[in-house]
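Taken from TrEMBL, the feature active site, proton donor/acceptor covers D150. Marked as Mg(2+) binding site by TrEMBL: N10, E386. Marked as ATP binding site by TrEMBL: K17, H210, L211, G212, N213, G214, D284, M285, R286, G332, V333, G334, E335, N336. What TrEMBL records for R93 is substrate binding site. As annotated by TrEMBL, site 'Transition state stabilizer' applies to H182, R243.
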Amino acid sequence: MNATRVLVLNSGSSSVKYQLLDMRDASRLAVGLVERIGEQTSRLKHTCLSSGDTREQNGPIADHDAALKAVAEELAKDGSGLDSPELAAIGHRVVHGGMFFTEPTVIDDAVLTEIERLIPVAPLHNPANLTGIRTAMALRPDLPQVAVFDTAFHTTMPESAARYAIETKLADRYRVRRYGFHGTSHAYVSRETARLLGRAPEDVNVIVLHLGNGASATAVRGGKCVDTSMGLTPLEGLVMGTRSGDLDPAVIFHLQRVGGMSMDEIDTLLNKRSGLFGLCGDNDMREIRRRMDEGDEQARLAFDIYIHRLKKYIGAYYAVLGTVDAVAFTAGVGENADFVRAAALAGLEGLGLAVDGARNAVRGGEARLISPDGARVAVAVVPTDEEMEIASQTYALVGKDSRGN
Ligand SMILES: Nc1ncnc2c1ncn2[C@@H]1O[C@H](COP(=O)(O)OP(=O)(O)O)[C@@H](O)[C@H]1O
Ligand SMILES: CC(=O)OP(=O)(O)O
Ligand SMILES: [Mg+2]
(Lines of atoms letter the chains of each structure in order from A and count residues from 1; the text may use other names and numbers.)
(Lines give C-alpha, C1' and ligand atoms only; values in the text may rest on other atoms or scores of the structure.)
(Ligands and ions follow the chains in the order given, each with its own letter.)
Protein backbone atom coordinates (compact mmCIF):
# COMPACT_ATOMS: atom_id res chain seq x y z
CA MET A 1 0.00 0.00 0.00
CA ASN A 2 1.64 3.29 -1.09
CA ALA A 3 -0.80 5.67 0.51
CA THR A 4 0.30 5.84 4.14
CA ARG A 5 -1.33 9.01 5.43
CA VAL A 6 -4.45 9.27 7.57
CA LEU A 7 -6.42 12.44 8.28
CA VAL A 8 -8.28 12.34 11.60
CA LEU A 9 -11.29 14.54 12.28
CA ASN A 10 -12.59 14.95 15.82
CA SER A 11 -15.71 17.07 15.38
CA GLY A 12 -17.17 18.35 18.65
CA SER A 13 -20.32 20.35 19.22
CA SER A 14 -18.59 23.66 18.49
CA SER A 15 -15.09 22.64 17.44
CA VAL A 16 -13.10 20.46 15.08
CA LYS A 17 -9.73 19.05 16.13
CA TYR A 18 -7.73 17.43 13.35
CA GLN A 19 -4.40 15.78 12.63
CA LEU A 20 -2.69 14.53 9.49
CA LEU A 21 -0.40 11.59 10.24
CA ASP A 22 2.01 9.42 8.31
CA MET A 23 1.39 5.91 9.58
CA ARG A 24 4.75 4.48 8.46
CA ASP A 25 6.19 5.92 11.65
CA ALA A 26 3.04 7.43 13.23
CA SER A 27 4.50 10.92 12.75
CA ARG A 28 2.32 14.01 12.77
CA LEU A 29 2.47 16.15 9.63
CA ALA A 30 -0.12 18.74 10.60
CA VAL A 31 -2.34 19.49 13.59
CA GLY A 32 -5.08 22.02 14.06
CA LEU A 33 -8.20 23.21 15.74
CA VAL A 34 -11.25 25.17 14.67
CA GLU A 35 -13.11 26.55 17.67
CA ARG A 36 -16.24 28.58 18.43
CA ILE A 37 -17.89 27.39 15.21
CA GLY A 38 -21.16 29.26 14.60
CA GLU A 39 -20.04 32.33 16.54
CA GLN A 40 -18.64 35.64 15.26
CA THR A 41 -15.31 34.91 16.97
CA SER A 42 -14.44 31.56 15.33
CA ARG A 43 -10.77 30.74 15.12
CA LEU A 44 -8.77 28.28 13.04
CA LYS A 45 -5.26 27.45 14.16
CA HIS A 46 -3.20 25.26 11.85
CA THR A 47 0.35 24.02 12.34
CA CYS A 48 2.37 22.29 9.63
CA LEU A 49 4.90 20.28 11.62
CA SER A 50 7.37 19.64 8.80
CA SER A 51 7.85 23.38 8.10
CA GLY A 52 7.03 24.56 11.60
CA ASP A 53 4.57 27.09 10.12
CA THR A 54 1.58 28.10 12.23
CA ARG A 55 -1.30 30.01 10.67
CA GLU A 56 -4.35 31.52 12.32
CA GLN A 57 -7.67 32.66 10.87
CA ASN A 58 -10.00 34.72 12.99
CA GLY A 59 -13.59 35.56 12.02
CA PRO A 60 -16.93 33.83 11.67
CA ILE A 61 -17.04 30.21 10.49
CA ALA A 62 -20.75 29.48 10.18
CA ASP A 63 -20.95 25.70 10.59
CA HIS A 64 -19.02 22.42 10.54
CA ASP A 65 -19.23 22.18 6.75
CA ALA A 66 -17.49 25.56 6.38
CA ALA A 67 -14.99 24.59 9.08
CA LEU A 68 -13.94 21.44 7.25
CA LYS A 69 -13.60 23.25 3.95
CA ALA A 70 -11.33 25.78 5.68
CA VAL A 71 -9.27 22.89 7.12
CA ALA A 72 -8.97 21.33 3.65
CA GLU A 73 -7.69 24.68 2.30
CA GLU A 74 -5.07 24.94 5.04
CA LEU A 75 -3.83 21.42 4.34
CA ALA A 76 -3.67 22.24 0.60
CA LYS A 77 -1.44 25.26 1.34
CA ASP A 78 1.10 22.80 2.85
CA GLY A 79 0.94 20.69 -0.33
CA SER A 80 -0.92 17.92 1.50
CA GLY A 81 -4.53 18.65 0.54
CA LEU A 82 -7.35 16.16 0.55
CA ASP A 83 -6.62 15.37 -3.12
CA SER A 84 -3.22 13.93 -2.15
CA PRO A 85 -2.62 10.40 -3.50
CA GLU A 86 -0.72 9.67 -0.29
CA LEU A 87 -3.92 9.84 1.75
CA ALA A 88 -5.05 6.29 2.62
CA ALA A 89 -8.17 7.12 4.64
CA ILE A 90 -9.98 9.64 6.77
CA GLY A 91 -10.74 8.60 10.35
CA HIS A 92 -13.67 10.19 12.17
CA ARG A 93 -14.46 10.27 15.88
CA VAL A 94 -18.12 9.32 16.27
CA VAL A 95 -19.43 9.75 19.78
CA HIS A 96 -22.47 7.43 19.88
CA GLY A 97 -22.36 4.05 18.17
CA GLY A 98 -25.07 2.38 20.26
CA MET A 99 -24.88 -1.42 20.68
CA PHE A 100 -24.21 -2.03 17.03
CA PHE A 101 -20.66 -0.80 16.56
CA THR A 102 -18.03 -2.54 18.66
CA GLU A 103 -15.14 -1.98 16.22
CA PRO A 104 -13.89 0.75 13.88
CA THR A 105 -16.10 0.61 10.79
CA VAL A 106 -15.76 1.70 7.15
CA ILE A 107 -18.61 4.15 6.59
CA ASP A 108 -21.32 3.38 4.03
CA ASP A 109 -24.96 4.47 3.72
CA ALA A 110 -26.13 1.96 6.33
CA VAL A 111 -23.55 3.22 8.84
CA LEU A 112 -24.57 6.83 8.17
CA THR A 113 -28.22 5.94 8.77
CA GLU A 114 -27.36 4.29 12.10
CA ILE A 115 -25.28 7.29 13.29
CA GLU A 116 -28.20 9.52 12.34
CA ARG A 117 -30.67 7.31 14.22
CA LEU A 118 -28.59 7.80 17.36
CA ILE A 119 -28.81 11.64 17.30
CA PRO A 120 -31.46 11.77 20.07
CA VAL A 121 -28.99 10.10 22.48
CA ALA A 122 -25.99 12.27 21.50
CA PRO A 123 -27.60 15.56 20.46
CA LEU A 124 -24.47 17.68 21.05
CA HIS A 125 -22.10 15.34 19.24
CA ASN A 126 -23.49 12.98 16.55
CA PRO A 127 -24.82 15.80 14.29
CA ALA A 128 -21.35 17.42 14.22
CA ASN A 129 -19.73 14.03 13.56
CA LEU A 130 -22.15 13.42 10.67
CA THR A 131 -21.45 16.78 9.05
CA GLY A 132 -17.73 16.05 9.26
CA ILE A 133 -18.20 12.70 7.57
CA ARG A 134 -20.50 14.02 4.82
CA THR A 135 -18.22 16.94 3.97
CA ALA A 136 -15.16 14.69 3.88
CA MET A 137 -17.02 12.18 1.70
CA ALA A 138 -18.01 14.92 -0.74
CA LEU A 139 -14.39 16.10 -0.95
CA ARG A 140 -12.94 12.59 -1.40
CA PRO A 141 -15.71 10.16 -2.43
CA ASP A 142 -13.16 7.53 -3.50
CA LEU A 143 -11.41 7.31 -0.12
CA PRO A 144 -12.33 4.96 2.74
CA GLN A 145 -13.87 6.92 5.60
CA VAL A 146 -13.68 5.13 8.93
CA ALA A 147 -15.77 5.75 12.04
CA VAL A 148 -14.14 5.15 15.43
CA PHE A 149 -16.79 5.13 18.13
CA ASP A 150 -16.51 6.54 21.68
CA THR A 151 -18.87 3.79 22.81
CA ALA A 152 -16.90 0.82 21.39
CA PHE A 153 -14.49 0.36 24.32
CA HIS A 154 -17.40 0.12 26.75
CA THR A 155 -19.22 -2.74 25.03
CA THR A 156 -17.35 -5.17 27.33
CA MET A 157 -19.23 -3.81 30.37
CA PRO A 158 -21.15 -6.57 32.14
CA GLU A 159 -24.94 -6.33 32.09
CA SER A 160 -24.89 -5.64 35.83
CA ALA A 161 -23.10 -2.34 35.12
CA ALA A 162 -24.73 -1.51 31.79
CA ARG A 163 -28.40 -1.91 32.72
CA TYR A 164 -30.56 0.58 34.57
CA ALA A 165 -33.00 -0.83 37.11
CA ILE A 166 -36.09 -0.18 35.01
CA GLU A 167 -38.59 -2.57 33.38
CA THR A 168 -36.52 -4.88 31.16
CA LYS A 169 -39.04 -5.07 28.31
CA LEU A 170 -39.24 -1.30 28.03
CA ALA A 171 -35.48 -0.86 28.30
CA ASP A 172 -34.91 -3.40 25.51
CA ARG A 173 -37.56 -1.89 23.29
CA TYR A 174 -36.05 1.59 23.46
CA ARG A 175 -32.43 0.40 23.90
CA VAL A 176 -32.21 2.26 27.17
CA ARG A 177 -28.92 1.21 28.79
CA ARG A 178 -25.56 2.66 29.73
CA TYR A 179 -23.26 2.97 26.70
CA GLY A 180 -20.41 5.14 28.03
CA PHE A 181 -18.29 7.61 26.05
CA HIS A 182 -14.70 8.90 25.64
CA GLY A 183 -13.90 5.23 25.01
CA THR A 184 -11.06 5.92 22.58
CA SER A 185 -9.39 8.01 25.28
CA HIS A 186 -10.05 5.50 28.09
CA ALA A 187 -8.64 2.67 25.94
CA TYR A 188 -5.53 4.63 25.01
CA VAL A 189 -4.87 5.98 28.50
CA SER A 190 -5.38 2.63 30.27
CA ARG A 191 -2.93 1.00 27.85
CA GLU A 192 -0.38 3.81 28.23
CA THR A 193 -0.71 3.58 32.03
CA ALA A 194 0.18 -0.14 31.88
CA ARG A 195 3.15 0.76 29.69
CA LEU A 196 4.26 3.40 32.20
CA LEU A 197 4.16 0.73 34.93
CA GLY A 198 6.15 -1.63 32.68
CA ARG A 199 3.34 -4.20 32.73
CA ALA A 200 1.00 -5.82 30.21
CA PRO A 201 -2.48 -4.22 30.00
CA GLU A 202 -4.01 -7.65 30.76
CA ASP A 203 -2.26 -7.62 34.14
CA VAL A 204 -3.37 -4.27 35.51
CA ASN A 205 -6.52 -2.67 36.88
CA VAL A 206 -6.80 1.05 36.25
CA ILE A 207 -9.26 3.80 37.14
CA VAL A 208 -9.12 6.35 34.30
CA LEU A 209 -10.38 9.87 34.98
CA HIS A 210 -10.96 11.74 31.69
CA LEU A 211 -11.56 15.31 32.83
CA GLY A 212 -12.12 17.67 29.90
CA ASN A 213 -15.14 19.81 29.17
CA GLY A 214 -17.04 16.54 29.11
CA ALA A 215 -15.76 14.27 31.89
CA SER A 216 -16.02 10.58 32.65
CA ALA A 217 -14.45 7.90 34.85
CA THR A 218 -13.88 4.29 33.85
CA ALA A 219 -12.96 1.12 35.73
CA VAL A 220 -10.68 -0.96 33.52
CA ARG A 221 -9.88 -4.55 34.52
CA GLY A 222 -7.08 -6.21 32.57
CA GLY A 223 -7.50 -3.83 29.61
CA LYS A 224 -11.29 -4.16 29.45
CA CYS A 225 -13.91 -1.68 30.61
CA VAL A 226 -16.06 -3.04 33.45
CA ASP A 227 -17.85 0.20 34.38
CA THR A 228 -18.02 3.81 33.25
CA SER A 229 -19.74 6.92 34.54
CA MET A 230 -21.53 8.16 31.42
CA GLY A 231 -24.75 6.41 30.46
CA LEU A 232 -27.40 6.39 27.74
CA THR A 233 -26.05 9.83 26.85
CA PRO A 234 -22.92 11.79 27.84
CA LEU A 235 -24.93 13.52 30.61
CA GLU A 236 -24.60 10.99 33.44
CA GLY A 237 -21.81 10.80 36.00
CA LEU A 238 -19.25 13.42 36.94
CA VAL A 239 -19.85 17.16 37.24
CA MET A 240 -18.68 18.61 33.89
CA GLY A 241 -18.07 22.01 32.31
CA THR A 242 -21.73 22.60 31.46
CA ARG A 243 -23.39 19.23 32.22
CA SER A 244 -24.87 18.29 35.59
CA GLY A 245 -23.80 14.65 35.70
CA ASP A 246 -25.76 12.51 38.18
CA LEU A 247 -28.95 13.79 39.73
CA ASP A 248 -32.17 12.32 41.06
CA PRO A 249 -34.34 11.81 37.94
CA ALA A 250 -37.21 13.28 39.94
CA VAL A 251 -35.52 16.69 39.61
CA ILE A 252 -36.73 16.61 36.00
CA PHE A 253 -40.36 15.87 36.98
CA HIS A 254 -40.16 18.58 39.60
CA LEU A 255 -38.83 21.22 37.20
CA GLN A 256 -41.53 20.30 34.71
CA ARG A 257 -44.49 20.00 37.10
CA VAL A 258 -43.62 22.68 39.63
CA GLY A 259 -41.22 24.87 37.62
CA GLY A 260 -43.36 24.77 34.45
CA MET A 261 -40.35 24.09 32.23
CA SER A 262 -40.67 22.14 28.99
CA MET A 263 -38.67 18.96 28.38
CA ASP A 264 -36.54 20.78 25.79
CA GLU A 265 -35.79 23.55 28.28
CA ILE A 266 -34.77 21.02 30.92
CA ASP A 267 -32.61 19.18 28.36
CA THR A 268 -30.79 22.43 27.52
CA LEU A 269 -30.50 23.32 31.21
CA LEU A 270 -28.86 20.01 32.16
CA ASN A 271 -26.56 19.75 29.12
CA LYS A 272 -25.55 23.36 28.50
CA ARG A 273 -26.25 25.47 31.58
CA SER A 274 -25.34 23.17 34.46
CA GLY A 275 -22.14 21.66 35.83
CA LEU A 276 -19.43 24.15 36.81
CA PHE A 277 -21.03 26.79 34.59
CA GLY A 278 -24.43 26.44 36.24
CA LEU A 279 -22.90 26.51 39.70
CA CYS A 280 -20.65 29.56 39.30
CA GLY A 281 -20.97 31.01 35.78
CA ASP A 282 -17.60 29.67 34.56
CA ASN A 283 -16.84 26.32 32.98
CA ASP A 284 -13.10 26.75 32.61
CA MET A 285 -11.13 25.28 35.50
CA ARG A 286 -8.40 27.93 35.08
CA GLU A 287 -10.91 30.71 35.70
CA ILE A 288 -12.41 28.86 38.66
CA ARG A 289 -8.94 28.54 40.18
CA ARG A 290 -8.31 32.26 39.68
CA ARG A 291 -11.60 33.14 41.35
CA MET A 292 -10.94 30.78 44.28
CA ASP A 293 -7.57 32.43 44.79
CA GLU A 294 -9.42 35.74 45.11
CA GLY A 295 -11.67 34.24 47.77
CA ASP A 296 -14.77 33.81 45.58
CA GLU A 297 -17.16 31.59 47.58
CA GLN A 298 -19.32 30.59 44.61
CA ALA A 299 -16.33 29.33 42.64
CA ARG A 300 -15.08 27.47 45.75
CA LEU A 301 -18.42 25.70 46.21
CA ALA A 302 -18.56 24.74 42.51
CA PHE A 303 -15.05 23.28 42.85
CA ASP A 304 -15.95 21.41 46.04
CA ILE A 305 -19.01 19.85 44.38
CA TYR A 306 -16.89 18.82 41.37
CA ILE A 307 -14.26 17.22 43.64
CA HIS A 308 -16.81 15.51 45.90
CA ARG A 309 -18.39 13.75 42.89
CA LEU A 310 -15.01 12.77 41.50
CA LYS A 311 -13.96 11.29 44.82
CA LYS A 312 -17.19 9.28 45.03
CA TYR A 313 -16.49 7.71 41.62
CA ILE A 314 -12.89 6.89 42.57
CA GLY A 315 -14.21 5.09 45.66
CA ALA A 316 -16.95 3.35 43.70
CA TYR A 317 -14.58 2.06 41.04
CA TYR A 318 -12.09 0.99 43.69
CA ALA A 319 -14.86 -1.21 45.04
CA VAL A 320 -15.90 -2.44 41.57
CA LEU A 321 -12.31 -3.46 40.76
CA GLY A 322 -11.37 -4.85 44.19
CA THR A 323 -7.68 -4.35 43.46
CA VAL A 324 -6.42 -1.17 41.83
CA ASP A 325 -2.94 -0.82 40.33
CA ALA A 326 -3.23 2.76 39.10
CA VAL A 327 -5.39 5.87 38.90
CA ALA A 328 -4.73 7.87 35.72
CA PHE A 329 -5.71 11.50 35.13
CA THR A 330 -6.18 12.72 31.55
CA ALA A 331 -7.73 15.40 29.25
CA GLY A 332 -7.61 19.21 29.64
CA VAL A 333 -8.30 19.37 33.39
CA GLY A 334 -6.77 16.01 34.32
CA GLU A 335 -3.50 16.74 32.51
CA ASN A 336 -3.08 20.38 33.58
CA ALA A 337 -4.80 21.02 36.90
CA ASP A 338 -2.51 19.75 39.68
CA PHE A 339 -4.88 21.24 42.28
CA VAL A 340 -7.75 19.07 40.96
CA ARG A 341 -5.60 15.93 41.15
CA ALA A 342 -4.44 16.74 44.69
CA ALA A 343 -7.96 17.54 45.92
CA ALA A 344 -9.51 14.45 44.31
CA LEU A 345 -7.14 12.11 46.16
CA ALA A 346 -6.86 14.05 49.43
CA GLY A 347 -7.77 11.85 52.39
CA LEU A 348 -7.63 8.60 50.41
CA GLU A 349 -4.33 7.42 51.95
CA GLY A 350 -6.28 4.57 53.56
CA LEU A 351 -6.89 3.23 50.05
CA GLY A 352 -3.17 3.46 49.25
CA LEU A 353 -3.78 6.59 47.18
CA ALA A 354 -1.54 9.63 47.54
CA VAL A 355 0.00 12.39 45.45
CA ASP A 356 3.59 13.58 45.85
CA GLY A 357 3.45 17.39 45.90
CA ALA A 358 6.65 18.02 43.93
CA ARG A 359 5.88 15.39 41.27
CA ASN A 360 2.33 16.65 40.93
CA ALA A 361 3.57 20.20 40.31
CA VAL A 362 5.75 19.17 37.35
CA ARG A 363 4.24 20.22 34.02
CA GLY A 364 4.88 18.46 30.75
CA GLY A 365 3.42 16.52 27.88
CA GLU A 366 4.78 13.10 28.86
CA ALA A 367 3.04 10.35 30.80
CA ARG A 368 4.38 10.46 34.35
CA LEU A 369 3.89 9.11 37.86
CA ILE A 370 2.87 11.56 40.58
CA SER A 371 2.53 9.12 43.49
CA PRO A 372 5.25 8.85 46.14
CA ASP A 373 7.84 6.05 45.87
CA GLY A 374 6.55 2.79 47.27
CA ALA A 375 2.88 3.81 47.03
CA ARG A 376 0.45 0.86 47.01
CA VAL A 377 -1.45 2.36 44.06
CA ALA A 378 0.32 4.30 41.31
CA VAL A 379 -1.14 7.70 40.42
CA ALA A 380 -0.33 8.88 36.89
CA VAL A 381 -0.88 11.80 34.55
CA VAL A 382 -1.26 10.34 31.06
CA PRO A 383 -1.92 12.79 28.21
CA THR A 384 -4.65 11.39 26.01
CA ASP A 385 -4.27 11.19 22.25
CA GLU A 386 -7.63 10.39 20.73
CA GLU A 387 -6.40 11.45 17.28
CA MET A 388 -3.42 9.07 17.28
CA GLU A 389 -5.60 6.22 18.51
CA ILE A 390 -8.22 6.94 15.80
CA ALA A 391 -5.46 7.09 13.15
CA SER A 392 -4.00 3.74 14.27
CA GLN A 393 -7.39 2.04 14.29
CA THR A 394 -8.30 3.57 10.92
CA TYR A 395 -5.04 2.56 9.27
CA ALA A 396 -5.18 -0.96 10.71
CA LEU A 397 -8.68 -1.41 9.30
CA VAL A 398 -7.92 0.03 5.86
CA GLY A 399 -4.70 -1.98 5.62
CA LYS A 400 -6.60 -5.15 6.52
CA ASP A 401 -9.27 -4.43 3.87
CA SER A 402 -6.68 -3.80 1.16
CA ARG A 403 -5.08 -7.16 1.96
CA GLY A 404 -8.51 -8.68 1.56
CA ASN A 405 -8.75 -10.08 5.12
N1 LIG B 1 -3.77 24.82 32.57
C2 LIG B 1 -5.00 24.43 32.87
N3 LIG B 1 -5.42 24.39 34.16
C4 LIG B 1 -6.66 23.98 34.47
N5 LIG B 1 -7.56 23.58 33.57
C6 LIG B 1 -7.22 23.59 32.28
C7 LIG B 1 -5.93 24.00 31.84
N8 LIG B 1 -5.87 23.90 30.50
C9 LIG B 1 -7.08 23.44 30.10
N10 LIG B 1 -7.89 23.25 31.16
C11 LIG B 1 -9.28 22.78 31.16
O12 LIG B 1 -9.47 21.84 30.12
C13 LIG B 1 -10.79 22.00 29.57
C14 LIG B 1 -10.82 21.48 28.14
O15 LIG B 1 -10.39 20.15 28.12
P16 LIG B 1 -10.40 19.29 26.77
O17 LIG B 1 -9.94 17.93 27.13
O18 LIG B 1 -9.66 20.03 25.70
O19 LIG B 1 -11.96 19.28 26.53
P20 LIG B 1 -12.88 18.93 25.29
O21 LIG B 1 -12.13 17.93 24.45
O22 LIG B 1 -14.08 18.38 25.94
O23 LIG B 1 -13.11 20.23 24.58
C24 LIG B 1 -11.03 23.50 29.66
O25 LIG B 1 -12.38 23.77 29.82
C26 LIG B 1 -10.25 23.91 30.92
O27 LIG B 1 -11.13 23.93 32.01
C1 LIG C 1 -18.76 12.45 24.84
C2 LIG C 1 -18.23 13.75 25.29
O3 LIG C 1 -18.63 14.25 26.32
O4 LIG C 1 -17.29 14.32 24.53
P5 LIG C 1 -16.59 15.75 24.76
O6 LIG C 1 -15.90 15.64 26.08
O7 LIG C 1 -15.60 15.86 23.62
O8 LIG C 1 -17.67 16.76 24.75
MG1 LIG D 1 -12.58 15.87 24.38
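Quick reminder: no glycine exception, Cβ is built from N, Cα and C everywhere.
From a predicted model like this one, the values you see are computed outputs, not experimental measurements.
Structure coloured by features recorded in TrEMBL.
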| residue | record | Cβ within 10 Å |
| --- | --- | --- |
| N10 | Mg(2+) binding site | 23 |
| K17 | ATP binding site | 17 |
| D150 | active site, proton donor/acceptor | 27 |
| H182 | site 'Transition state stabilizer' | 29 |
| L211 | ATP binding site | 27 |
| R243 | site 'Transition state stabilizer' | 27 |
| D284 | ATP binding site | 14 |
| V333 | ATP binding site | 25 |
| E335 | ATP binding site | 21 |
| E386 | Mg(2+) binding site | 23 |
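Residues K17, H210, L211, G212, N213, G214, D284, M285, R286, G332, V333, G334, E335, N336 are the ones the record ties to ATP, and the longest Cα gap between any two of them is 21 Å. Ligand 1 lies within reach of N213, D284, V333 from the binding-site residues N213, D284, V333, E386, judged by a C-beta closer than 6 angstroms to any of its atoms. Listed in sequence order, M240, G241, T242, N283, G332 are the same-chain residues six or more apart from N213 (ATP binding site) with CB atoms under 8 A from its CB. Taking the binding-site residues R93, R286 in turn, the residue surrounded by the fewest other Cβ atoms inside 10 Å of its Cβ turns out to be R286. In terms of Cα spacing, the recorded positions R93, H182, R286 that come within 10 Å of E386 (Mg(2+) binding site) are R93, H182. In this structure, the CA atom of D284 (ATP binding site) is 24 Å away from the CA atom of R93 (substrate binding site). Here the candidates are the recorded positions R93, D150, H182, R243, and by Cα distance the one nearest R286 (ATP binding site) turns out to be R243. Cα-Cα distance from L211 (ATP binding site) to R93 (substrate binding site): 18 Å (rounded to the nearest whole number). In the set N10, K17, R243, V333, E335, none of the recorded positions has a C-alpha within 10 Å of the C-alpha of D150 (active site, proton donor/acceptor). Note: the Cα of K17 (ATP binding site) and the Cα of N10 (Mg(2+) binding site) are spaced 5 Å from each other. Here R93 (substrate binding site) is compared against the recorded positions N10, R243, E335, and the shortest C-alpha distance is to N10.
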